[in-house]
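S.K.: Here's a structure for you.
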C-alpha cells in the first residue's frame, strides 16, 4: 500500500506539473514582445488553447456581425504566410530546377512548403485509430470517454484542416507571384492577357481547391485498413466479400480515371482541353471589353455577342466530356460505400444459415454498420481527394508550362561610352569629322557621295561620350522563320540629339524603336545603347486606372515644380481646370472616354516627368490638331523645349513631317524594312525622293506665350470622378435565400425540383436500410435467419436503387442544370456589359468587370455543381438521420430543438461575417487582376522605364492585401467546422448518457441511434465542407445578379422604334439645338448645336483638341445622351430608335481599329455575304492583299500584333467598304497613318463613298478641302460653318487652323476665337 501511495503521489505531481506547463504555454505572451517586433496578427500571438478553439477569431466575427467590414478592418496574415518569407527559397529552387521537365514546379513547391504541409499530419493522425471498448460497468467513465473522444475529434479535425489551409494560402501567394514575375520577363510578342489571367483565376484557385483534402490521400488508406481489420473481428470471413467489392470498384475507378497507364491521364487531358477553351473565350471577352468604344460605335455588339456566345457554347460542349467522366467517378465512389455492407451481411447470413451459427444480431450489425460508415467515408474521401490531387497536379503543370516559356533576353549591349562604327567593316561608311553642332548644318555635304544606309556621311570620329545609340548591320524579325521586319540597319544617334524616323505604313518604324528598346531580337548585327532605360511612349498610349496625376508621375515621387512644368509643356493645364477633381480625377481603364490626343499627351507627360536621358516616342502627336501639336512640340522638342534644354536624346517615329526640319537626324524607312535615306534635313530635302514627296519644305510654327495659356477643353474626361464605385459595393446585404431563388429561377423550377427529388430518393435509399436492419435483426432475435431471402433482398434493393438514382441526379445536374446555368449566366453578364453605357467603362475598374467573366463564371461552372449536390445530399441526410436518432431514442428529441436553435443562431452569426469576407476577397482581388492586365498591356513601357522591380512590389502589396480576406474566410469556415463538431459531440454525449442511464429503448433502436449519430457527425462535417464551398460559389451568383441589376442599360424607355432594312434611304442628318453630356452630373460637351447634312454630301467637323468634335459623333451614335434638342436622320428622331439598330445602320470608322476574335475573312465579312474573290478584290483596293497573303491569307486569325496600326486601319476600311449603308462616319480615321497612306485612304473614301453622306472629324484639314461643308467647333459650340475653300480665303478661324496645319503662325488666333464664339459665322 505505501508503494501504491508513493506511485499515486508521483503520478499526481507529474499531472499537476504538466498542467502548470500547459497553463504557462497557453498563456498569451503578446505583452512580453518587444515593441519593434510586435505583429498585428492576433493568431501569431495566440496561445495553444486560443489557436485550438479559434478564440482569436471571435473579435472579427463580432465586428462583422455589428458593422460592415472593409479590407483595412481585417487582421494581417502572420509572417509565415507572406511571400516575403518564401521568396528567396522558392526563387533559388526554381532557378536551379530543370523547368523543362514535367512536374518540376510540383517538386519545387513540395520542397519549399514541406514544413507547412507536414504540420497537418499529426492532428490528422490523431483522428485515425481503432475504436477501443470501455467497460460498460463504469457508465460515467464511458460518458466522459465519449466526451473526450468527440471533443478531441472536433479540435484535431479543425486543426488539421487549418494547417492544410495555411499551406494553400502560402502556395497560392507564391504561384501568383511567380506568374507575375515571369510575365514581366516575357517577350512582348508572347505575352497573353488571357493566358496569365486564366492561370490566376482558374488554375491557381483550383490548385487551392484540390489541396483542401490532401492529407486524406494517406489517412484514408490507414482508415480503410483499420476498418477492414475491425470488420474482420466482427464478421470474420464474410468481410472478404466486402473487400472484393471495394477493391473491384477502386480498380474500375483506376481504370477509368488513370487510363490504365498514368494517374490522371484521361481526367487531366479532358480538363486541359476544357481550360484551353476557357482561355480562348476569356481572351475574346477581355479583348471585347478593351475595345468597347469601337464595338459600340460600329454597331458590332450583336456580332461580338454572337462570336463570344459561340465560344461559350464550344467551351460548355468540351466541358461535358470532363463532366461525364466526373459523374462516373463520383458514382463509383458511392458504389463501394453502399454495396459493401450488403455483400458482407449477405455472406455472413448465408454462412450462418448453412452452419447454424449465431445469426446477424443488433450488436454485431450496428457495430459493423458503424465501421462500414467510417470505411465508406474513407473510401469516398480517398477517391475524391485523388481526383482533387490529379486536378491540382494538372493545374501546377499548366503553370509550369507557362513559367517554362522563353524569357526576353535583352540583345543590346549597354555601354556608357560607345565606340564609333568602324568604316573598315562596311564599305558604305567613310569617316568624316563633325561635331554635334555641325550636324545641324550639312548643306555643304556632297550629295553625290551620299549613301542611303550610311552614317559615315554625317559622323566622322565622333567622340565616344557623345554617342547614345549605335546599330550595326542589324536585321530583325518577330519569330523564327518569319519575314524580316527590318533589314541591314546601320544607324548612330548622338547624345542630346533629336532623331526622327519616318516612312510608309508597315515599313518598320515601330519595329526599329522596339529594337532600340531591346524588345525585339535581331538575327544579325549589333545594337549598342548608352543607357538600358528609356522613357517610352507607344503608338497606343498606355494608361492605368488611377488619377491623372498618378499616371504622370508613375512610380516616382511628386516634385511639384517639375510636375507643373511638364503639365504646361504637354498643354494639360486647361484640361485639369475642367475636371471635377482636377488632376486627382480617375481616368478609368485605358482612359476609355479620353480623346486620342488627351491620351497621347498624358503618356508624353509621363515620359517627360521621368527625366530619363533617352526618350523614345512612337507617333505621339498623331491624335492632336495642328495647333495643339505645334504648341506641345515647341514646348517639348523645340529649341527651348524641356528635352532640348535638358540635353535629352530623343527618337521620334512619326507620320507627321510638319516639324521635321527641327530634327538633327532623319531616318527614312522603306517598305522593305530598310533605311532608304538618312541624314539631316538639309541633306535630305533635295536628295530623298520620299521626303520630297511629302512636301516638307515648310516653315515651322512658333507659338507665342499668350497662345500657350489657352488651349483645348476637355471632353469626356470630366465624367470619371465621383462615379467610380466598385461593382460589388452594395451587395453585402444579400440574403442567401434570395441568391438561391435567383439561381433556381435561372435553371428553372421544374429542373430544380427534379434534382431535389432525385437527391431525396438517393438519401432514402441510404438511410432506410439502417431501419431495415433493425427489423431484420429483431426478426433474427426471435428466430434465427427468419425469412432471410425476404430481408436480404430488400436490404440489397435500397442501395441499388440509391446508386441508380444518384447516377441520375449527377447526370441531371452536371449535364443539364450546369449547362443551362452556364449559358444563362454568361448571357446575363454579356448582355449587361454590352448594353451598359460607355461612361460605365470609365467609372468601373476593368479588373472588376473581367472578374465576372473569369472567376465568377469559373466558380459557377466548376465549384458550384459539386458543392451543390454535396450540400443537398448531406443536408437531406442530416435531416433523415435526426429523424432516425429520434426514432432510436425519444429522449433525445428534447435536445433536438435546442440544437436547431443553437445551429440557427450560429449560422446567422457566422454568415454576417463570412458573407462579407467572401465578397471582400473578390473586391481585394479585382485590383490585383487590374494591375496584372495593366502590366501586360504596358509591358514594353514598364521595362523601358526600368519599373519592373517597382511594379513587382506593387503586385506583392496587392497580393498580400487580397490574401487577407482569402485566408480569414478559410479561418471562418474552420471556426464553423469546430462549432458544429462540438454540437455533434454534445448530441452524442446526451445520447450515450441516455443509453447508459435509462432503458427506454431497445438495444436495436439504440444501435440505430448511435449509428445515426456517427453518420450525422460525418455528414455534418461534410455539410460544412460542401456548404462553405457552395457559399463561395453562390457569392459568384450574387455578384452576377447585382452586376445585372446595378449595371444600367444605355437603352431607355421609348427607344423601341424599328427601322426598315434599307434605312436610311437618303442620308439626311439634322442637329436641332443639341446639347449633350457624358453623364447627368458632368459638364456639357455640346452646347446648342444646329446644322444639317444634306444627302450625299460630305461634311467635315474640325476644331482644336477637345473642342467637341468626337462628342458630336458620339451624340450622333447615341454614345452619349442629349440634354436638350434632337437629332434626326431622314426625318426619324434617333432618340426613339434602339441604339444598336441605329449604329448597325451607319458605317463608322473609329480612330482605334479593332478586330473580332475570328479570322480575317470573318472580320471582313462576318455575315458571310461575299465570295473569296470579292474579299481579295477589296483587300487589293486598300493595298492589303499582299500583306494578308504573307500573314496566312483570309483564314488566318486577325491579330493586331502582326499588323501595324496603319495596316489595321486599312483592314477596317476594307470592312467599311463592304457595307452598303448610306452614311459614313469617320472619327479621326487617318490620324495614325503616314501621309501617303492618308492620301490613299482619302482617295478610296472619295471613290467608294461618292454617292453617300460622309461626316468626318479630321485633324489634317488638307484632307477635307474638297468637302461640301466644314463645321468649326470650339468649346462644344459652332463658331463657323461654310465651304472649306471659302473659309480658307477669308480671315476665319478655319483659315487660322489651316495655316497652323501648313506651319504658318497666326498671332491673332485667340482674339478671333473669342470673336467667333460670340458671333458664329456661316458661309
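Cβ from N, Cα, C; glycine included.
Feature list, courtesy of Swiss-Prot:
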type: BINDING; residues: 503-510, 1103-1110; note: ATP binding site
type: DOMAIN; residues: 142-380; note: domain 'ABC transmembrane type-1 1'
type: DOMAIN; residues: 471-697; note: domain 'ABC transporter 1'
type: DOMAIN; residues: 752-1031; note: domain 'ABC transmembrane type-1 2'
type: DOMAIN; residues: 1069-1300; note: domain 'ABC transporter 2'
type: TRANSMEM; residues: 6-26; note: transmembrane segment
type: TRANSMEM; residues: 138-158; note: transmembrane segment
type: TRANSMEM; residues: 217-237; note: transmembrane segment
type: TRANSMEM; residues: 240-260; note: transmembrane segment
type: TRANSMEM; residues: 325-345; note: transmembrane segment
type: TRANSMEM; residues: 748-768; note: transmembrane segment
type: TRANSMEM; residues: 795-815; note: transmembrane segment
type: TRANSMEM; residues: 821-841; note: transmembrane segment
type: TRANSMEM; residues: 859-879; note: transmembrane segment
type: TRANSMEM; residues: 891-910; note: transmembrane segment
type: TRANSMEM; residues: 976-996; note: transmembrane segment
type: TRANSMEM; residues: 1006-1026; note: transmembrane segment
S.K.: Looking only at the recorded stretches 142-380, 752-1031, 1069-1300, which one has the largest tally of CB-CB distances under 8 Å to the domain 'ABC transporter 1' (471-697)?
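M.R.: The stretch with the most contacts is 1069-1300.
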S.K.: Restricting attention to the domain 'ABC transporter 2' (1069-1300), give the mean pLDDT.
M.R.: 86
S.K.: Can you see whether DSSP assigns residue 503 (ATP binding site) to helix, strand or coil?
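M.R.: Looking at the DSSP assignment, residue 503 (ATP binding site) belongs to neither helix nor strand, so coil.
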S.K.: Counting Cβ atoms within 10 Å across all protein chains shown, which of the binding-site residues 503, 1103 comes out on top?
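M.R.: Answer returned by the neighbour count: 1103.
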S.K.: Would you mind listing, in sequence order, the residues at least six apart from residue 1109 (ATP binding site) in the same chain with a Cβ closer than 8 Å to its Cβ?
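M.R.: Looking at Cβ-Cβ distances below 8 Å from residue 1109 (ATP binding site), excluding near sequence neighbours, one finds 1101, 1102, 1103, 1257, 1273.
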S.K.: Cβ distance under 8 Å to residue 505 (ATP binding site), same chain, sequence separation 6 or more: which residues?
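M.R.: Correct list: 1204, 1205, 1206, 1207, 1210, 1233, 1234, 1237.
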S.K.: Check each residue in the chain of residue 509 (ATP binding site) that is at least six apart in sequence and keep those whose C-beta is under 8 Å from its C-beta; list them in sequence order.
M.R.: 501, 502, 503, 618, 619, 653, 669
S.K.: Check residue 509 (ATP binding site) against DSSP and tell me helix, strand or coil, would you?
M.R.: helix
S.K.: When DSSP is mapped onto helix/strand/coil, what comes out for residue 1109 (ATP binding site)?
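M.R.: DSSP call for residue 1109 (ATP binding site): helix.
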S.K.: For residue 1105 (ATP binding site), what is the tally of other C-beta atoms lying within 10 angstroms of its C-beta?
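M.R.: Result for residue 1105 (ATP binding site): 29 other Cβ atoms within 10 Å.
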S.K.: To see if you understand the setup: which same-chain residues, six or more apart in sequence, place their Cβ under 8 Å from that of residue 507 (ATP binding site)?
M.R.: 669, 670, 671, 672, 673
S.K.: Across all chains shown, how many C-beta atoms besides its own are within 10 angstroms of the C-beta of residue 1107 (ATP binding site)?
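M.R.: Looking across every protein chain shown, the total is 25.
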